[in-house]
Amino acid sequence: MNSSCKTRVFNIISIIMVSMLILSLGAFANNNKAKADSHSKQLEINVKSDKVPQKVKDLAQQQFAGYAKALDKQSNAKTGKYELGEAFKIYKFNGEEDNSYYYPVIKDGKIVYTLTLSPKNKDDLNKSKEDMNYSVKISNFIAKDLDQIKDKNSNITVLTDEKGFYFEEDGKVRLVKATPLANNIKEKESAKTVSPQLKQELKTTVTPTKVEENEAIQEDQVQYENTLKNFKIREQQFDNSWCAGFSMAALLNATKNTDTYNAHDIMRTLYPEVSEQDLPNCATFPNQMIEYGKSQGRDIHYQEGVPSYNQVDQLTKDNVGIMILAQSVSQNPNDPHLGHALAVVANAKINDQEKLIYWNPWDTELSIQDADSSLLHLSFNRDYNWYGSMIGY
């Protein structure tokens, strides 16, 4: 090949290489622009401080994917790509914050669960954030509400009071989850405002927490899951005191494989003389729980404290239902939900750690938390101490 041909070939190759480089740089720039545009539209949640204890970060990263997979299995949902958003806090209108950290769990780009890290046992409530032991819990708590505005260029504060949970955005306060209290008005917009002190504290935070996917994904594994056969969520408690009625109905329907039981009918059986108007105010006492179970052919007995993981595992295998009895840590005598009852649905091992899966009658989904935690941080920002169990439904 003569020198002119060589030069021509070299020039052609050079032009091709330069063109490819320009195209690749353009693609890289467009990709970065797409990422920047995507992140610019991400929802941001205001926090007083973006500092999170290292043990909280580590626990969240280690546990979130396994928890999400286990909960998906309970609802027969397909698993997907799980990612963890950044931690956020929930505040009262006067600026007080609770002792928990919340993370959005994102599956295939959609917020599906909320991971909550809260004090593990009652003794931890008096410890500092750095010293306390944390329990990890997952549920669908406000996940759908966050997902609805995830891709908006929004900046919100998550607030709570006795009526429920709110999103504050541009000075407007909107109720997103109402508490199960009688005569609770489920107003879409509230006249409440954030206290000036909280506004000032939120302004001092350099970076609000972002609801966006993190790159690092842990390969959490669900080694074992044992579920009470035939358990289904058929109803939900709201403005009544029938938590034990709901729990007993759900457990008996599961262990008898029927749709016969419901909370209203159980409460009507326990209070035959009470009017329909007054029935929602009737609660259930331990002796009634035992007697009703016996009337349905079940040998019910009370057991103090939290049953061991192995006991739950065996009872669940034997198709025997367990009802959780819990008491509010606040001990407020005016609280209509001072005591609460829940149903144990399953147990699991996630990354070799023992977990319990339960149903809170206030919710339409299940929750998972550590099996050795006696403190239940429930969906309405209330801490309950699991003090005993009714076994045998």
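In case you wondered, yes, glycine gets a Cβ from its N, Cα and C as well.
Annotated features in Swiss-Prot:
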- Cys243: active site (ACT_SITE)
- His340: active site (ACT_SITE)
- Asn360: active site (ACT_SITE)
- 1-36: signal peptide (SIGNAL)
DSSP secondary structure for Asn360 (active site), reduced to helix/strand/coil, please.
coil
Suppose we draw a 10 Å sphere around the Cβ of His340 (active site). How many other Cβ atoms does it contain, all chains included?
23
